[in-house]
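**Q** Take this structure first; my questions come after.
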Amino acid sequence: MPHEGKIRRQSSHDAPICKQAARYAAKGPGVSLSVLVLGIETSCDETAASVVSRDANGHGEILSNVILSQFDDHAAFGGVVPEIAARAHVEALDHVVQAAMDEAGVGFADLDAIAATAGPGLIGGVIVGLTTAKALALASGKPLVAVNHLEGHALTARLTDGIAFPYLLLLVSGGHTQILLVRGVGQYERWGTTIDDALGEAFDKTAKLLGLPYPGGPAVERAAARGNPDRFALPRPMFGRPGADFSFSGLKTALRIEAEAIAPLSESDVDDLCAAFQRTVTLVVRDRIGHALDRFRSEFPDLAEPTLVVAGGVAANKALRAGLDAELSARGFRLVAPPLVLCTDNGAMIAWAGAERLALGLLDDLAAPARPRWPLDQLAAPMLGSGHKGAKA
Ligand code: KG4
Ligand code: ZN
């Protein structure tokens, strides 16, 4: 639980408290200030930086949001190569930060803090971003906020839509598939997660298996739009089970067996397989989220407008969105989906999470570690065998 208005350090090292940190602490519990924060994101294959402001009432504004995708660097390999990613972050980050500062029209002296993703993610990239943020914080005498990447996703809807706590978050990307209860800044409960592959990973693997280009999600969606979803009957992992956990690796195997049985595949075979896959995952996600919505209702029966926020690249999928819409309106929930550029990895979500933490006096010192694994819900048991991207699961 965060302590409002107090400086909380996430490492035991006794670094001197900078002036700004003392200023926030001196304001006392519950008092927020207007803040301006630079955010840096390097945990996967986007090099990103952004300047965001948050006023004393909690309203946010994005002054700049610069994202350099390493898409071309990895396309030939059909996935993100960690060493290439880390090197590309080193080459690009100074320029991306400068561009974000220039676009915002601010100097380092104007900032109240520098925030960076400190995990979870590909450790080489995380180290590049966090070390750069530490160097900038040291050189400019500003406080550092070491942000959990998942918290960045979790809080984005407060920046874009100003929504109040508590709400439910469905995070579906290449690295994460989670349903989280968001009670407050730093207060999360994991209600569901994948026990194997992330949903985006399942889209990507399906695409690869069927000879479609990387990243697989958009390619599978395009093929699915042309296909017949009834031709293949695929299993629906976890469907109808209690709780809100996911599993996608068995579905991938079932699809492979169907594909091998009719190989060589024609274009319409590929379209039909994609249509079956997409419909199956949509049904599964609807079922899983339905359980979480029911639980949310029973835990917060008096909320006037219960809300589900979706984030992550897979949230771009129109069939999935339509399925979610139907499930939510049937249960009287509101769906909030930040614009896609803020749903996928970006610097603004890190700057915003930094601003929310700073407003509560939650700062870090220069010994803050880079963490390949960093669950938001520290009490949730790790899932066995949670995929090669399990670090983010
Ligand atoms: O959030 P994101 O940009 O990066 C991280 O993984 O952190 O998500 C990328 C994932 C990829 O797996 C990609 O295939 C998937 O999102 N994706 C989609 C769609 N667009 C992107 N999956 C299904 N349908 C889409 N239209
Ligand atoms: Zn992400």
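Glycine too: its Cβ is placed from the backbone N, Cα and C atoms.
Heads up, here are the entries from TrEMBL:
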type: DOMAIN; residues: 61-352; note: domain 'Gcp-like'
type: BINDING; residues: HIS149, HIS153, ASP345; note: Fe cation binding site
type: BINDING; residues: LEU171, VAL172, SER173, GLY174, GLY175, ASP204, GLY217, GLU221, ASN317; note: substrate binding site
**Q** Check ASP345 (Fe cation binding site) against DSSP and tell me helix, strand or coil, would you?
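**A** The residue in question, ASP345 (Fe cation binding site), is coil (DSSP, three-state).
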**Q** Provide, as an integer number of angstrom, the distance between the C-alpha atoms of ASP345 (Fe cation binding site) and SER173 (substrate binding site).
**A** 9
**Q** Averaged across the domain 'Gcp-like' (61-352), what pLDDT does the model get? Just tell me the whole number, please.
**A** 94
**Q** Tell me, by DSSP, whether GLY217 (substrate binding site) is helix, strand or coil?
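**A** GLY217 (substrate binding site) sits in a helix per DSSP.
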**Q** Would you list, in sequence order, the residues of this chain other than HIS149, HIS153, ASP345 that have their CB within 8 A of the centroid of the site's CB atoms, where the site is the one recorded for Fe cation?
**A** GLU41, SER43, CYS44, THR117, LEU150, GLY152, SER173, HIS176, ALA311, ASN346, MET349, ILE350
**Q** So which binding-site residues out of LEU171, GLY217, ASN317, ASP345 are up against ligand 2, CB under 6 A?
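**A** Among the binding-site residues listed, those whose Cβ sits under 6 Å from ligand 2 are ASP345.
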**Q** Just how many other Cβ atoms lie inside 10 Å of the Cβ on HIS153 (Fe cation binding site)?
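**A** If we count other Cβ atoms within 10 Å of HIS153 (Fe cation binding site), we arrive at 29.
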**Q** Do you see any of the binding-site residues LEU171, GLY175, GLY217, ASN317 whose C-alpha is within 10 Å of HIS153 (Fe cation binding site), and which ones?
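**A** The binding-site residues passing the 10 Å Cα test are LEU171.
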**Q** Identify, in sequence order, the residues in the chain of LEU171 (substrate binding site) that are 6 or more apart from it along the sequence and have a CB within less than 8 Å of its CB; answer 'none' if there are none.
**A** LEU150, HIS153, ALA154, THR177, GLN178, ILE179, LEU180, VAL310, ALA311, GLY312
**Q** Give the sequence-ordered list of residues that share a chain with ASN317 (substrate binding site), lie 6 or more positions from it, and have CB atoms under 8 Å from its CB.
**A** PHE203, GLY217, GLU221, GLN278
